[in-house]
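Participant: Starting off with a structure, shown below.
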There are 2 protein chains.
Amino acid sequence: MLPDQHLLRIPGPSPIPPSVQLAMSQPMIGHRGQEAKELLKQIKPKLKFVFGTKQDVSIITGSGTAGLETAVVNAVKQGEEVLVVETGAFGERFSKICAAYQLKTHHLKVDWGNAVTPEAIQEYLRKHQNIKAVFTTYCETSTGVLNPIEEIAKTVHTYSDALVIVDGVSCVGGVETKMDEWGIDILVTGSQKAMMLPAGLTFVAVSDRAWKVIEENEQPRFYLDLTKYRDNLIKDSTPFTPGLSLLFGLKQALKLMEEEGLKQVYSRHQLMMKMTREAFRAHDIPLLTNDIAASPTVTAVNPTDFKAEDLRSIIKSEFGLSIAGGQQHLKGKIFRIGHMGYCSVADVLQTISIIEIGLTRIGKTIELGKGIRAAQEVILEGNNNV
Amino acid sequence: MLPDQHLLRIPGPSPIPPSVQLAMSQPMIGHRGQEAKELLKQIKPKLKFVFGTKQDVSIITGSGTAGLETAVVNAVKQGEEVLVVETGAFGERFSKICAAYQLKTHHLKVDWGNAVTPEAIQEYLRKHQNIKAVFTTYCETSTGVLNPIEEIAKTVHTYSDALVIVDGVSCVGGVETKMDEWGIDILVTGSQKAMMLPAGLTFVAVSDRAWKVIEENEQPRFYLDLTKYRDNLIKDSTPFTPGLSLLFGLKQALKLMEEEGLKQVYSRHQLMMKMTREAFRAHDIPLLTNDIAASPTVTAVNPTDFKAEDLRSIIKSEFGLSIAGGQQHLKGKIFRIGHMGYCSVADVLQTISIIEIGLTRIGKTIELGKGIRAAQEVILEGNNNV
């Protein structure tokens with residue numbers, strides 16, 4: 001193993017681009033001065049573009065969970081009825097936050113590895129007319145499932161007045177997101193996944209109809225009060241001291257996304273997903289999700305004839321390659337490969353070729369290079385610009 | 001292509017390890033103060049270890065060519081007879097320097113791609129008894145040849161009193177080097193190859209017998225006067241302002257080499273060479289050098305049925321992967337892959353998998369994954385610790 005080389009292919013945090021790292025090394029500035037205002041002014045339109053919204057996107061210094069709690073504490077209040085769609089560990093995270101705020105929470109549990117169907121949500125809303133908000137997850141990091149947010153949002157709006165609140169932490173920035181067009185009311189993401197930054201910032205955008213609910217919501221809140229962020233952001237400012245080095249980095253990360261082109265960013269993620277899936281398919285190693293439910297940012301693999309932990313352990317110690325294990329009841333059973341943000345098709349080829357060596361080392365008989373060939377063919381069949 | 005990703009696989013400069021990059025970002029210090037003395041004091045023993053010598057290694061701020069000129073201007077004077085072994089472009093570099101100083105230069109020209117034989121040198125020395133120095137190249141960067149320096153040095157010492165002067169720029173730090181044991185009189189290297197730093201420092205070590213010659217040599221010189229460097233280094237200092245940020249980086253690069261263990265560094269380079277060679281062999285693409293003459297730091301490939309420049313161009317534009325072309329009469333004919341310094345077997349797998357795609361793109365029919373499989377097998381057949 002090469003000292004100082006960390007091949008980070010977990011589903012977040014993701015690697016930091018060198019120019020973002022460099023940007024974050026800039027000297028501190030006063031957060032109430034003109035330079036900080038300039039910085040936020042430049043960031044604002046680009047963040048809106050990534051979210052697919054005309055709304056300003058609030059930037060809160062905190063990790064993704066702070067963003068999820070922000071959505072809860074602003075949109076609903078104690079005793080209200082909500083529906084949480086649980087397709088994995090991060091759906092459950094919403095439930096835990098709702099429980100802490102003593103909401104009357106309904107749980108729509110979906111088997112891990114599957115996406116929720118709009119029909120199941122429709123059925124639920126039909127039975128429970130008082131649901132004020134539906135909490136759901138765009139990419140479920142624990143299983144590599146991408147839920148059909150556009151259809152979910154349209155279903156909720158057709159059958160209820162509930163707000164559609166979406167955890168987009170592990171995919172916004174890497175997967176097409178049209179907040180306004182799809183009718184998402186509150187969309188949350190974090191900095192450390194497809195946004196190519198360290199953890200420490202969470203982004204929250206709010207629709208016009210959700211702003212009306214938030215303004216009238218008496219649920220006590222202070223640091224996470226979205227109206228404070230909105231009112232300051234209009235003046236290119238933040239209500240509390242922001243994580244400035246992360247904002248320096250954010251400006252550069254957004255510049256990189258703009259240079260590559262968002263459409264191209266999304267097709268690169270699609271390509272990386274297909275490459276990873278075809279590689280395992282070539283070796284007859286089962287994937288946890290089907291093609292339709294698969295996320296372009298993380299792939300979960302569900303091996304039947306070797307131990308996920310043996311593979312993870314050998315590739316980490318021999319090559320410095322980190323992939324993630326499973327969570328909760330899938331712990332020790334599956335492994336998950338992150339391919340998001342600052343990750344190229346070349347990096348995916350590297351990951352697969354190392355995994356093939358790892359599989360051989362732990363005693364599984366495979367045809368070396370077969371997964372790589374399948375992934376190479378995905379590139380060659382795609383367009384020329386990867 | 002992922003913006004901000006540069007896959008640098010040319011034979012120098014090589015990629016910089018993150019911890020070295022970080023070390024180089026330290027604030028400036030006075031170069032005559034105690035901190036700078038401490039820095040040099042810590043560097044000295046570790047550099048000696050890399051060179052395989054008990055001598056202090058002079059650190060000159062300048063690029064590799066400054067180091068080669070240092071060897072010339074200190075060891076010989078105008079009108080003296082010298083032999084330059086030319087196995088490629090960097091052997092010729094020595095000849096050009098010798099010509100500038102009006103030395104009486106003999107040229108032992110070897111076909112590019114081959115190593116020099118000790119017998120050829122012996123033959124030359126037998127005919128020319130007045131040769132004061134033999135200039136030779138350890139790794140010839142332009143062809144990927146590793147000359148048999150141990151045998152060359154022993155031959156020169158057996159058949160003459162000439163000094164053995166070695167350009168080790170593109171391999172010292174990545175290939176076993178025993179300056180004292182082998183009888184090298186002056187050994188030069190640069191910072192930007194296997195030493196994992198940017199260009200800007202050149203390192204020169206001198207044997208006891210060469211010091212005697214240098215002390216009596218009246219050839220005019222000032223900045224490159226080795227006695228100045230030696231006399232200052234004893235006091236943990238430099239005669240002129242040193243490139244301090246590079247020294248900060250050097251300390252960390254040497255620490256990384258120590259942590260990995262020099263023996264392991266060398267076997268990693270051996271493994272990367274074998275992987276690269278076996279990958280091209282699997283595709284029946286000819287290598288420029290034979291196995292015995294091959295360098296562990298750079299591999300030259302000599303294609304017969306496709307254009308080297310077409311391949312280089314497509315992998316650069318599509319994947320951001322840089323490999324080098326040929327020099328002089330090999331320009332446009334060969335391509336060269338650097339695998340030195342901060343480069344892992346995982347990086348070699350990535351390079352090969354991209355080259356396979358590139359070959360397909362330019363119309364060569366190959367079995368995808370076959371080269372990768374050959375390289376993977378080299379790893380699996382080797383020891384467990386790569």
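Here, residue 1 is simply the first one shown, and the rest follow in order.
From the backbone N, Cα and C atoms, a Cβ is placed for every residue, glycine too.
Bear in mind that TrEMBL entries carry predicted annotations, made automatically and left uncurated.
Quick paste of what TrEMBL says about this protein:
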- A:28-328: domain 'Aminotransferase class V' (DOMAIN)
- A:Lys193: N6-(pyridoxal phosphate)lysine (MOD_RES)
- A:Arg336: substrate binding site (BINDING)
Participant: Determine, to the nearest whole angstrom, how far the Cα atom of the residue listed as 'N6-(pyridoxal phosphate)lysine' is from the Cα atom of the residue listed as 'substrate binding site'.
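Facilitator: If we compare the Cα positions of the residue listed as 'N6-(pyridoxal phosphate)lysine' and the residue listed as 'substrate binding site', the gap is 14 Å.
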Participant: Restricting to the same chain and to sequence separations of six or more, state which residues have a Cβ under 8 Å from that of A:Arg336 (substrate binding site).
Facilitator: A:Ile10, A:Pro11, A:Thr141, A:Ser142, A:Gly144, A:Val298, A:Thr299, A:Ala300, A:Val301, A:Ile323, A:Ala324, A:Gly325, A:Gly326
Participant: So if I draw a 10 Å sphere around the Cβ of the residue listed as 'N6-(pyridoxal phosphate)lysine', how many other Cβ atoms end up inside it?
Facilitator: 28
Participant: What is the average pLDDT across the domain 'Aminotransferase class V' (A:28-328)?
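Facilitator: Taking every residue in the domain 'Aminotransferase class V' (A:28-328) and averaging pLDDT yields 97.
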Participant: Any idea what DSSP makes of the residue listed as 'substrate binding site', helix, strand or coil?
Facilitator: strand
